[in-house]
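Chemist: Quick one: this structure, given as structure tokens, is what I'll be asking you about.
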Amino acid sequence: MGTVSSRRSWWPLPLPLLLLLLLGPAGARAQEDEDGDYEELVLALRSEEDGLADAPEHGATATFHRCAKDPWRLPGTYVVVLKEETHRSQSERTARRLQAQAARRGYLTKILHVFHHLLPGFLVKMSGDLLELALKLPHVDYIEEDSSVFAQSIPWNLERITPARYRADEYQPPKGGSLVEVYLLDTSIQSDHREIEGRVMVTDFESVPEEDGTRFHRQASKCDSHGTHLAGVVSGRDAGVAKGAGLRSLRVLNCQGKGTVSGTLIGLEFIRKSQLVQPVGPLVVLLPLAGGYSRVFNAACQRLARAGVVLVTAAGNFRDDACLYSPASAPEVITVGATNAQDQPVTLGTLGTNFGRCVDLFAPGEDIIGASSDCSTCFVSRSGTSQAAAHVAGIAAMMLSAEPELTLAELRQRLIHFSAKDVINEAWFPEDQRVLTPNLVAALPPSTHRAGWQLFCRTVWSAHSGPTRMATAVARCAQDEELLSCSSFSRSGKRRGERIEAQGGKRVCRAHNAFGGEGVYAIARCCLLPQVNCSVHTAPPAGASMGTRVHCHQQGHVLTGCSSHWEVEDLGTHKPPVLRPRGQPNQCVGHREASIHASCCHAPGLECKVKEHGIPAPQEQVIVACEDGWTLTGCSALPGTSHVLGAYAVDNTCVVRSRDVSTTGSTSEEAVAAVAICCRSRHLVQASQELQ
């Protein structure tokens, strides 16, 4: 695969110069020396122009995107993405059409790569003056300017991720990831290092930019420290997590640890093509790099994930919201932040690990001992979210070796389930990010674990909505997950509740902002439940003092979640919480002026119960948790009055937050209860009893 390196700008060519390029030997040779065989390119475009009619000049419906971080932009190189249903042959036809129309206007363009296996589109080098023309071409969905990506690196780590039963001896987990292949997109790798010798295949793939301040590439073997270290963390003989996993190395970062979005996309397509040509067992792709938010990068990750590939990436080392970076912001990617030996967030000078709702979990990422490229027996200590991501890639390889049929959703849920919980000091994170950032540090599952029919659930937060009254936020579950409940949260308390809606064949959680509000979050409880069938039952506002109630009507369906939505701006106060009458079926109870929604599901062996915890006096926080063996599927506040900020699930605990009672003058009439719905599968109970 060729190297994509040049980043020079393109300028319009006047007709005399264009003729000179076509006819003048000296001019043609000069241009060839600079940019390759452009004389042939121009002649070809003349021929192409004769054979292609211009498309009708409709207004552009496609959109243009570029990196929000100006220093990382690479103007002059663009990824043109075609619409989803576009036939494969149209990628090359559209590229030729662009070249022909650009040549007619006196511009040269160069097609650097045509995507066939990852997404429909192509990579083109051209003047920014041609963007309007390109956006009007048939089949074009959007165009994204290329941008830079960077490596994210600035033996306690193995002990931290190992279950307690292993620690008395040494780190020797079963199977060692031998059934899994890990692709590493990084710098090159010193494959003869004793840690990884015989475990790594360095592919011939290379797509890296020129180094800053130079006009050449150093040999890969002269700058393979980052990739060598990460390869050792994943599967090194002494310091590796998955000692049996095999690695394949793709070079997408240069000697300065810098690459491009386009180069990484071509690397991902290389993996997809390899997967199609020679299908193998489970694949893990490690992306220990970060760039600014990129729609096309995230879309490519989604395509690869839906093809069955597990992608693990670094959250980034910018002490910032991970949702502002790619591929960390891609929902289909497992995004990993970094912690130190004390399970605290890693600080790197004035920066540190990224955080926020786009992070799935944390892993060891400070002073990690691994292979050094200085010599074949050298080791070095490195820090960063790249190292943390390498740990999780190793754990993923271990899990997939034990259960090769796991889907991405099942693997992610297990990573979350077996993580160490509530060990990170949240004060390190900005105040507005603490509730959004998962307090989880990755760990291997115990060897005696049997997943069976265990019910796994996780909490997914939406992006923050806008501040207008009609603004909404939407939280979505992954492709193989089921939305079992929906809640909302607003720091100002000004919200109009939430409800489950159907969108594109999937259920989503939609939260509603209120007048004067600062925005709202939607919070989805996403679970793995085979053969599940769910529906929503709604009761309109009762208008009576007893409140609004609704329960599951269909036989065999059980209550998995409650939500409420109201149109009035202020629900006002409510007498002490109206709890579920004892002895009656599980039901959702809410404010008399609110519509109440019950999420009702049927699945083999599924049983659920409601747990409530109310405090007579107003409290800023009320919690209720499910017992061992039960999984939290629903979390709501009762009643959902306007002084309640919202409800959300943290692992197996339902948390209800209210306004600061010391400043609001709240009374006992504004007391609130936390309502948890806890579910389990009888199949799991029976299986556990049989093992005892």
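Any Cβ shown, glycine's included, is placed from N, Cα and C.
I grabbed these lines from Swiss-Prot:
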type: ACT_SITE; residues: Asp186; note: active site, charge relay system
type: ACT_SITE; residues: His226; note: active site, charge relay system
type: ACT_SITE; residues: Ser386; note: active site, charge relay system
type: DISULFID; residues: Cys223-Cys255; note: disulfide bond
type: DISULFID; residues: Cys323-Cys358; note: disulfide bond
type: DISULFID; residues: Cys457-Cys527; note: disulfide bond
type: DISULFID; residues: Cys477-Cys526; note: disulfide bond
type: DISULFID; residues: Cys486-Cys509; note: disulfide bond
type: DISULFID; residues: Cys534-Cys601; note: disulfide bond
type: DISULFID; residues: Cys552-Cys600; note: disulfide bond
type: DISULFID; residues: Cys562-Cys588; note: disulfide bond
type: DISULFID; residues: Cys608-Cys679; note: disulfide bond
type: DISULFID; residues: Cys626-Cys678; note: disulfide bond
type: DISULFID; residues: Cys635-Cys654; note: disulfide bond
type: DOMAIN; residues: 77-149; note: domain 'Inhibitor I9'
type: DOMAIN; residues: 155-444; note: domain 'Peptidase S8'
type: CARBOHYD; residues: Asn533; note: N-linked glycosylation site
type: MOD_RES; residues: Ser47; note: phosphoserine
type: MOD_RES; residues: Ser688; note: phosphoserine
type: SIGNAL; residues: 1-30; note: signal peptide
Chemist: Work through the recorded positions one by one (His226, Cys255, Cys457, Cys562, Cys626) and name whichever has its CA nearest to the CA of Cys477 (disulfide bond).
Modeler: Cys457
Chemist: Translate the DSSP assignment of Ser386 (active site, charge relay system) into the three-state scheme.
Modeler: helix
Chemist: Do you know offhand how many angstrom separate Cys562 (disulfide bond) and Cys527 (disulfide bond) by C-alpha?
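Modeler: Cα to Cα, Cys562 (disulfide bond) and Cys527 (disulfide bond) are separated by 15 Å.
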Chemist: When a 10 Å sphere is centred on the Cβ of Cys588 (disulfide bond), how many other Cβ atoms does it contain?
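Modeler: Other Cβ atoms within 10 Å of Cys588 (disulfide bond): 29.
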Chemist: Give me the Cα-Cα distance between Cys527 (disulfide bond) and Ser386 (active site, charge relay system), rounded to a whole Å.
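Modeler: With the alpha carbons as reference points, the distance is 28 Å.
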Chemist: If you measure from the Cα of Cys678 (disulfide bond), which of the active-site residues Asp186, His226, Ser386 is the nearest?
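Modeler: Out of the listed candidates, the nearest Cα belongs to Ser386.
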Chemist: Tell me, how many other CB atoms lie within 10 A of the CB of Cys255 (disulfide bond), whichever protein chain they belong to?
Modeler: 19
Chemist: Using DSSP, what's the helix, strand and coil tally for the domain 'Inhibitor I9' (77-149)?
Modeler: 24 helix, 27 strand, 22 coil
Chemist: Mind checking which of Cys486, Cys509, Cys562, Cys678 has the fewest other CB atoms within 10 A of its CB? They're the disulfide-bonded residues.
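Modeler: Minimum Cβ neighbour count within 10 Å, taken over the disulfide-bonded residues Cys486, Cys509, Cys562, Cys678, occurs at Cys678.
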Chemist: Go through Cys323, Cys679, our disulfide-bonded residues, and report the one whose Cβ sees the most other Cβ atoms within 10 Å.
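Modeler: Result of the Cβ crowding comparison: Cys679.
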Chemist: Select one residue from Asp186, His226, Cys527, Cys601: among these recorded positions, choose the one with the most other Cβ atoms within 10 Å of its Cβ.
Modeler: Asp186
Chemist: Between C-alpha atoms, which of these disulfide-bonded residues comes nearest to His226 (active site, charge relay system): Cys534, Cys552, Cys654?
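Modeler: Given the candidates Cys534, Cys552, Cys654, the nearest one is Cys654.
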Chemist: Which of the three DSSP-derived classes (helix, strand, coil) applies to Cys626 (disulfide bond)?
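Modeler: Looking at the DSSP assignment, Cys626 (disulfide bond) belongs to neither helix nor strand, so coil.
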Chemist: Which of the listed disulfide-bonded residues (Cys457, Cys534, Cys600) has the least company, meaning the fewest other Cβ atoms within 10 Å of its Cβ?
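Modeler: Fewest other Cβ atoms within 10 Å, among the disulfide-bonded residues Cys457, Cys534, Cys600, is found for Cys534.
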Chemist: Kindly assign Cys477 (disulfide bond) to one of the three DSSP-derived states: helix, strand or coil.
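Modeler: In three-state terms, Cys477 (disulfide bond) counts as coil.
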